[in-house]
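Feature annotation from TrEMBL assigns signal peptide to 1-18. As annotated by TrEMBL, disulfide bond applies to 24-39. What TrEMBL lists as domain 'Cupin type-1' is 53-199. Annotation source TrEMBL lists Mn(2+) binding site at 101, 103, 108, 147. What TrEMBL records for 103, 108 is oxalate binding site.
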Ligand SMILES: *[C@@H]1O[C@H](CO)[C@@H](O)[C@H](O)[C@H]1NC(C)=O
């Protein structure tokens, strides 16, 4: 019995000398890799690297979706780099929509601070999970699944979302289909949508071909 205890003690002593890295504040001098940004030298890190003030300001909702996403991801907020977390602010004017999108790299939790939202996601077996959220409600959107939020009230809505990754990624379905140069014929063939509808959406979103 004594020997295993001694062995565990030695192990404890040896690991206690290993370097502990408390954080890895993003160093923006090099591009982001799969594991995030490289770490700023700890001596150059200040408290401001861990504070982000941008979420106190409403996003500009004068746009086609009448909504704005203000991210505090690793690219904007150096302190979250390497910590597996990030957040964003959602503003939706009356009639505003955060269109169908996915975050390939993170699950999301939303807390509705003001207004009313209809929010939903579609699971990979195509089940619909749909809910009208009121102030104070929280909803989860599992990693990688298509989801959306729609302002269902007559006033503006405000929500904060947090993510299980410092770089959750954001892919908007309609932008992927209609905001690039993927040929209309191929979009029609792969989505079964009418060519006229595809051309109309490309016109609105800036797609070509
Ligand atoms: C919001 O965006 C619109 C459209 O880009 C622009 O015309 C307007 O000046 C912006 N408003 C503010 C307060 O920045």
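Note that Cβ sites are derived from N, Cα and C of the backbone, with glycine treated the same way.
TrEMBL annotations: computationally assigned, not manually curated.
Fewest Cβ neighbours within 10 Å among the disulfide-bonded residues 24, 39: that distinction goes to 39. Across the domain 'Cupin type-1' (53-199), mean pLDDT in this model comes to 97. The CA atom of residue 103 (Mn(2+) binding site) is located 23 Å away from the CA atom of residue 24 (disulfide bond). Listed in sequence order, the recorded positions among 39, 103, 108, 147 whose CB lies under 6 angstroms from an atom of ligand 1 come out as none at all. Cα-Cα distance from residue 24 (disulfide bond) to residue 147 (Mn(2+) binding site): 31 Å (rounded to the nearest whole number). Here the C-alpha separation of residue 101 (Mn(2+) binding site) and residue 39 (disulfide bond) works out to 30 Å.
In terms of DSSP helix, strand and coil, the domain 'Cupin type-1' (53-199) has 25 helix, 56 strand, 66 coil.
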